[in-house]
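J.: The structure follows.
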Amino acid sequence: MRFHTILLAALASLVIATPLPSDTDVSLERRQSMNSNDLEKGDCKSVAFIFARGSTEIGNMGFVVGPGVCSNLKSTLGSDKVACQGVGGAYTAGLIQNALPANTDSGSIKEAVKMFDLAAKCPDTQIVAGGYSQGSAVIDNAIQKLDDSTRDRVKGVVLFGFTRNLQDKGQIPGYPKDQTKVYCAVGDLVCSGTLIITASHMTYGLNAGDAAKFLASQVSV
């Protein structure tokens, strides 16, 4: 019973720390940036960026860091070279899934795998990926489930507020560490294997530019 009380308190802190923008605060441009479906639209470009948002974030890209990485990547490589795709569908970014052993649920992982498989259908596309908070666990687990040929086409991954940072020792099991960059802000207790959310967990938008540069350095365009 005590565990459930602590868990509920931790999940409640997630809601408090991740306020949803009100309708009056969200411009049309910002709402559009929170959703990106280039791969689902059939856009085969030189680079595909797949991103999984954090818990309670709206859209399929979220608003804390996903859209920023996408826009910076397009600015760096050229908007005609980059397709951005958020993980939506079965991945609802709910709170309770954080408490599962994989820090997310199997349906969400399968949804991300589906996006990687979609990108792999583009024969000349190099794949990069990212995830924030619960989304980092989604991407981590999804990459482990890819077949070898698809995983080999994933050139770089960025993880923000990595919820499996402690469990997976700051990397994605079975994926090259030098192709992975983990962002864990000072004071972000999520990176220490807890569900405790602090203000630091909301700061990763500051790393969007650096993350895009890292991903750009991993591909050849």
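In case you wondered, yes, glycine gets a Cβ from its N, Cα and C as well.
What Swiss-Prot lists as active site is Asp188. Residues annotated as active site, proton donor/acceptor in Swiss-Prot: His201. For 1-17, the entry in Swiss-Prot reads signal peptide. Under the heading site 'Transition state stabilizer', Swiss-Prot lists Ser55, Gln134.
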J.: Which Cβ among the recorded sites (Ser55, Gln134) has the fewest C-beta neighbours inside 10 Å?
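T.: Selected from the recorded sites Ser55, Gln134 on minimum Cβ neighbours within 10 Å: Ser55.
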J.: List which of the recorded positions Ser55, Asp188, His201 have their Cα within 10 Å of the Cα of Gln134 (site 'Transition state stabilizer'), in sequence order.
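T.: Matched recorded positions: Ser55, sequence order.
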J.: Please report the DSSP secondary structure of the residue listed as 'active site', reduced to three states.
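T.: Where the residue listed as 'active site' sits, the three-state DSSP reduction gives coil.
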J.: Within 10 Å of the Cβ of Asp188 (active site), how many other Cβ atoms can you find? Include all protein chains, please.
T.: 24
J.: Looking only at DSSP and grouping its letters into three states, which state does Ser55 (site 'Transition state stabilizer') belong to?
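T.: In three-state terms, Ser55 (site 'Transition state stabilizer') counts as coil.
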J.: Give the number of CB atoms, excluding that of the residue listed as 'active site, proton donor/acceptor' itself, located within 10 Å of its CB.
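T.: Step by step: centre on the Cβ of the residue listed as 'active site, proton donor/acceptor', count other Cβ atoms within 10 Å, giving 26.
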